[in-house]
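Trainee: OK, Swiss-Prot features for this one:
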type     : residues                                                       : note
BINDING  : Gly172, Asp173, Arg174, Lys175, Thr176, Gly177, Lys178, Thr179 : ATP binding site
COMPBIAS : 514-531                                                        : compositional bias 'Low complexity'
REGION   : 510-548                                                        : region 'Disordered'
SITE     : Ser373                                                         : site 'Required for activity'
Amino acid sequence: MAELTISSDEIRSAIEKYVSSYSPEVSREEVGVVTDTGDGIAHVEGLPSVMTEELLEFPGGIYGVAMNLEAQEVGAVILGESDKIEEGQEVRRTGKVLSVPVGDDFLGRVVNPLGEPIDGLGEITAEENRALELQAATVVQRQGVSEPMQTGIKAIDSMTPIGRGQRQLLIGDRKTGKTTVAVDTIINQKGNWESGDPQKQVRCIYVAIGQKGSTIAGVKRSLEEAGALEYTTIVAAPASDSPGLKWLAPYAGSAIGQHWMYQGKHVLIVFDDLTKQAEAYRAISLLLRRPPGREAYPGDVFYLHSRLLERCAKLSDEMGAGSMTGLPIIETKANDVSAYIPTNVISITDGQCFLQSDLFNSGQRPAIDVGISVSRVGGSAQINAIRKVTGSLKIDLAQFRELEAFSAFASDLDATSKAQLDRGARLMEVLKQGQGEPLPVEEEVVSLFLGTKGHLDSVPVEDVRRFESEFLAHMRRTHDTVLKDIVETKKLSDDGAKTIADTAEEFKKQFTTSSGESAAPSEPEAEALAADEVGQETVKVNRPAPKK
């Protein structure tokens, strides 16, 4: 048997070699423990270094957001199925703030507030991830609003115009057509999208907060049928979602829009509606035991909406001249616009369109109350042609409303007042539009020209809308060059106005009203006097009495 020899030098060199090549790896991980959970909220003990609004990882791939940082525990909002979170489970820090994937592949898709597709059409390839809480553009990074955002709705484009980069509030009671106005505005961007011009194209985002699933499906179907879904992203947080997801949905939508805005593109974003976001945030704050304020809302509910809506802007040329236009929606109760959340959002936005339930129920749709609706951008967001034909429209309608209320009590009116009432009734008919029927800007100009210049005065009120649609079709057939000139120059020339006026007078001669008569104004006929009514004028002269 061979003798076993041990070399101490070899053993020493082997140990030295191992020690010299050894690099100790130290890992440090903060782990917290769930102390209690319920209603989409979890309290976590531990995590001393956690940051505010940091993403926390719960078991089962569920995430939460750290909201309350207290001495002994952290209050977190759970983003997902909170019933799977149990007391005693471990919670880990991620070291990241909440972000969503963004990119052009989101067009035509329906996603949740975390950017995950929920339409069953497969995964979405993201260009990058964008944090939800980002600073809005500063004052020097912005420029004034000067480009019109055509809605295709005559009542808005004529009296409360919206510009690219503006925040225009849609406010009113439930079931007054707020969502319809917003969806029609999205549909109206189809012509710009099909033009292929990046300066005209508008990418649209519809954020549904706390809506019924059937309502969201109806909006998606309307956009699909109109061919508008290909340039629209739907961010859905339905009523069945947790308060945390409803709270985050608007920020997710604006992050997707900001990605395009900073690339120099134009974006339209609809928040439907911010009342439900405020209610979800109120629920979160009360569950986290934050002190309540007016109407039980937390003290920072104004900041909740202001930091969201300030992200809508028209960027300066140095920043790429992109824009993001916001259409926030607020639901009122009993037409009360002086409540807490409505007054907050009114003070943040650049104007509001108030939709009144009384007008809606009377058949005036869209039910926009011109009296308290306003756009603080004004004429700078209108093309010259619309500004020319609607100069005094808002004042005329306000006077019509006042006179209409007065005429309900007056037994006799003078001819001027009657003419004003007749003109006002026809203007109100011109401003009516059906759902899903936005008009191109050149047809808006022609319709408003007919109403404001008195060319509909001889048309019966019940026939105004039929006359309008048939006349627009007639203009397309016979004077398409006038309409194309309005689109190209954005102006209504004197020759164009004369052509429209002359064509309207000719068209009225061939238009038949519902009573079977011609719409052309009839010449007043002089009535012949009867023989016994004809009398000789007599002159009586009083002579002074002769002097005596």
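From the backbone N, Cα and C atoms, a Cβ is placed for every residue, glycine too.
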Trainee: What is the total of other Cβ atoms whose distance to the Cβ of Ser373 (site 'Required for activity') is within 10 Å?
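Mentor: There are 22 of them.
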Trainee: So around the ATP site, Gly172, Asp173, Arg174, Lys175, Thr176, Gly177, Lys178, Thr179 aside, which residues have their CB within 8 A of the centroid of those CB atoms?
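Mentor: What remains near the Cβ centre is Glu331, Leu355, Ser357, Phe360.
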Trainee: Let me know the most crowded of the binding-site residues, choosing from Arg174, Lys175, Lys178 and counting other Cβ atoms within 10 Å.
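Mentor: Within the set of binding-site residues, the most crowded position is Lys178.
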Trainee: By the DSSP assignment reduced to helix, strand and coil, which category contains Gly172 (ATP binding site)?
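Mentor: Where Gly172 (ATP binding site) sits, the three-state DSSP reduction gives strand.
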Trainee: Please list residues from the chain of Thr179 (ATP binding site) whose Cβ is under 8 angstroms from its Cβ, counting only those at least six apart in sequence.
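Mentor: Counting only residues 6 or more apart in sequence, the Cβ neighbours of Thr179 (ATP binding site) under 8 Å are Thr215, Val219, Asp272, Ile329.
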Trainee: Within its own chain, what residues at least 6 apart in sequence put their Cβ under 8 Å from the Cβ of Gly177 (ATP binding site), listed in sequence order?
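Mentor: Non-local contacts for Gly177 (ATP binding site): Leu355, Phe360, Arg365, Pro366, Ala367, Gln435.
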Trainee: Please list, in sequence order, the residues in the chain of Gly172 (ATP binding site) that are at least six apart in sequence and whose C-beta is under 8 Å away from its C-beta.
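Mentor: The list for Gly172 (ATP binding site) reads Lys178, Glu331, Thr332, Asn335, Phe354, Leu355, Gln356, Ser357, Ala367, given in order along the sequence.
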Trainee: Cβ distance under 8 Å to Asp173 (ATP binding site), same chain, sequence separation 6 or more: which residues?
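Mentor: Listed in sequence order, they are Glu331, Thr332, Lys333, Ala334, Asn335, Leu355, Gln356, Ser357.
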Trainee: According to DSSP, does Thr179 (ATP binding site) sit in a helix, a strand, or coil?
Mentor: helix
Trainee: From the Cα of Thr176 (ATP binding site) across to the Cα of Ser373 (site 'Required for activity'), what is the distance in angstrom?
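Mentor: Just about 15 Å between their Cα atoms.
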Trainee: Under 8 Å Cβ-Cβ from Thr176 (ATP binding site), six or more apart in the same chain: what's there?
Mentor: Leu355, Gln356, Ser357, Phe360, Ala367
